[in-house]
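Before any comments, here is the structure.
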Amino acid sequence: MRLKYILVANCLLWAWACCLALDDSSDGLVRIGLKKKPLDLARLHAARITRGMVFMPKAWIGIGSPPQTFSVVFDTGSSNLWVPSSKCYFSIACYFHARYRAVLSRTYSKNGRHCKINYGSGSISGFFSQDHVQIGEIVIKNQVFTEATKEGLFAFSLAQFDGILGLGFQNASVGKIPPIWYNMVQQSLVSMEIVSFWLNRDPKAKIGGEVIFGGVDWRHFMGDHTFVPITRKDYWQIEVGDILIAGSSTGFCEGGCAAIVDTGTSMIAGPTTVVTQINHAIGAEGIVSFNCKNVVNKYGRLIWQFLVSGFQPENVCSDIGLCAYNGTKNARQGAGMETVIGNGDNAACTFCEMIAFWIQVQLKEHKAKEKVFQYVNELCENLPNPGGKDFVNCDALATMPVISFAIGDKYFPLTAEQYTLKVEVNCTTVCLSGFTALDVPRPDGPLWVLGDVFLGAYHTIFDFGNLQDNGVSEVKGIMGGCYSNDKKSDTYIIAVMVEIGAGSAAEKLGSVAMAAEVFSIME
């Protein structure tokens, strides 16, 4: 079963851009610097990476000799490497991205086996090829990858990356192709068999974070890592215990729920039962309800006054400037009114006309003013909301509850600043809930996907060093952590999460030091 339910379409919601790839640094680590890219809200329905507080790990790699460059997402939720092929003739998406040309590489070897890789919102298909792959200054020789000859029209056309570089396990690899990380280890290209991710949540910082192959940078976190055994050989899947809202149990995962730690997903996805509780607690609303209530809040009293004064509902919205003077479409938008769906003016006009009609019906029944607006807001709440995106009041972040996940032997809290995404729309900031519903049936579910909203708050290490042919975990004693060593269970080990304290000295030191290091080399 493919567990990439949070789409490659969600794959466009946060974007990393590569600042620089570094190798053979003084500490012997392979560093991939990340830079933020702006959010394009128009692509929100197709994307899982955009501008805001969270980002997707994206960087440049080279394939072939001489290397042909491609921007790829580092994705721990999948295992294959693929890029568009020069033989992709009939998919429009391929023409928007760099394409691999085998004829230009002297190290290319033909494989030719056909394959198809499925994602939540589409798929790519093509054939396997073999060539050298360069990440920074290291070269992984004879890596098998997919040349994509057909890409999903919608999702990949909008993608701000060329391909995907999977960092999952071979068991989940289409065609059982060894993932690139396996070959990096086999060819002794890294000093330690780990990959660490630091995502910089500072909205003012130009540096988006860093991916390190072969080690960690101690400046990026404070405290001790919590080491958690993975529970499935296919994915970086761990067990999550209870989820708390403001310290109170939701009661859903007290017996344990599976969770995939996924750098290729921007949001935190989980069972509708719990996500609904969370979004209700933080006051999140669907995009249609959000905009409907926005019109009520900004123009409801004015609409009421016009109707009480004897204006007809079909004329009210044009008179206050939200619709054209023919009463059907907009001519201009009222001061301060912003919307985030479709054509902003048309949406404001449509909501205004609905609200005027609803109020007029209530006036005919002689309902009290406050009762009328309570009823109108309830109708807004019940409007259908496509896309599954929920918005919150940016001015209320300080009052929103802390959401905590029980992992290993401790709780990992997220504040509202950490679990919401701030997006600029027409010079106005809107805030998006970082929680989205995902229902996976048994036996694989219930399932959580801890994407970049979560990983932006916690430093994460993916430890391949404990992979054994017999599946038994092995204590290595690195990083001062405490490894699970349950030889009765068939597990590997994942090291997850060290908190970056908000405003802490460690966070500032990491951010400042990294900015100085990366920019000095960029110059």
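Using N, Cα and C of the backbone, Cβ positions are placed for all residues, glycine too.
Annotation comment: TrEMBL describes Asp75, Asp262 as active site. TrEMBL lists Cys88-Cys94, Cys253-Cys257 with the feature disulfide bond. The domain 'Peptidase A1' annotation in TrEMBL covers 57-475. Annotation source TrEMBL lists domain 'Saposin B-type' at 287-327, 345-386. For 1-21, the entry in TrEMBL reads signal peptide.
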Between Asp75 (active site) and Cys257 (disulfide bond): CA-CA distance (Å):
22
Under DSSP, is Cys94 (disulfide bond) part of a helix or a strand, or is it coil?
helix
Pop the Cα-Cα gap between Asp75 (active site) and Cys88 (disulfide bond) into the table, whole Å please.
23
For Cys94 (disulfide bond), write down the residues of its own chain that are at least 6 apart in sequence and whose Cβ falls under 8 Å from its Cβ; none is a fine answer.
Pro84, Ser85, Cys88, Ala148, Thr149, Glu151
Measuring Cα to Cα, how far is Cys253 (disulfide bond) from Asp262 (active site) in Å?
19
For Cys253 (disulfide bond), just count the other CB atoms lying within 10 A of its CB, please.
23
By DSSP, what is the split of the domain 'Saposin B-type' (345-386) into helix, strand and coil residues?
34 helix, 0 strand, 8 coil
Assigned element (helix, strand, coil) containing Cys257 (disulfide bond), judged by DSSP:
strand
Under the DSSP assignment, what numbers of helix, strand and coil residues are found in the domain 'Saposin B-type' (287-327)?
29 helix, 0 strand, 12 coil
DSSP state at Asp75 (active site), helix/strand/coil:
strand
Cα distance (Å, whole number) from Asp262 (active site) to Asp75 (active site):
7
So for Cys257 (disulfide bond), how many other CB atoms are inside 10 Å of its CB?
22
Within the domain 'Saposin B-type' (287-327) only, compute the mean pLDDT.
86
